[in-house]
Amino acid sequence: MEYSSLTLDDFLSRFQLLRPQINRETLNHRQAAVLIPIVRRPQPGLLLTQRSIHLRKHAGQVAFPGGAVDDTDTSVIAAALREAEEEVAIPPSSVEVIGVLPPVDSVTGYQVTPVVGIIPPDLPYHASEDEVSAVFEMPLAQALHLGRYHPLDIYRRGDSHRVWLSWYEHYFVWGMTAGIIRELALQIGVKP
C-alpha cells in the first residue's frame, strides 16, 4: 500500500480488520491514557500537542493529549477524552472512539493506554495555556511512515530502553509519542 495516499477509509478498514491484541504484559500499575486524535479528512491528519515548557514532567515535548486516570473517570477511554477536553478543548461528544492500542509503560511509572478516535476537521482547538504551548496537525500518512523513525538505545538503571526519534517541521517527536505512532503504523499493517 502506498501510504502517501492513505485515505481515512483505508485507515479505518485496516484498523478494524487488524484488531490490536491488548493482553500485553506491563510493569506499571498506575493507569493513564492518551487520545490519538485522527482528523477526519479525505487525507487524514494526526493531531499532536507540544507540552508547555513550564511543566514539571516532559516539558516542551510533543505529545498526545492525555494523563492519569482519576477517581471521576469510569474507564481509560473516559480519562483520555477528559484530558483531551482539558488540554485542547476537544469535546468528548465530538470524538468517535474506534478502539485502543495495547498499553505501554512510561518511564514515569504509568501504564498508558492509547485511545484511537476520529475527530471533525473543524474543531476550534484551544490549548490550555498551563499545559500546552502548541497544537499542530501532521498528515497521518507521513506520521505512519516507519522510515522516519530512528532508534536510540538509552541505558537507565542498568537496563537498555529503546526510544524512537523523528522530526516533523520544527517539532521533535520522540519517546513514548513516537513509539505509540509506530505501534499504530504496525497495527494497520505498515511493514518496517
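Glycine is treated like the rest: Cβ placed from N, Cα and C.
Positions annotated as domain 'Nudix hydrolase' by Swiss-Prot, on the basis of sequence analysis: 29-160.
Long-range contacts of the motif 'Nudix box' (67-89) within its own chain (CB-CB distance under 8 A, at least 6 residues past either end) are made by residues 30-35, 37, 47, 49, 95, 97, 100, 110, 113, 115, 117, 123-128, 131-132, 135. Among the features that Swiss-Prot reports, motif 'Nudix box' is placed at 67-89.
The Mg(2+) binding site annotation in Swiss-Prot covers GLU83, GLU87. Around GLU87 (Mg(2+) binding site), taking its Cβ as the centre, 24 other Cβ atoms fall within 10 Å, counting all chains.
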What is the number of residues in the domain 'Nudix hydrolase' (29-160) that are helix, strand and coil, as DSSP sees it?
23 helix, 56 strand, 53 coil
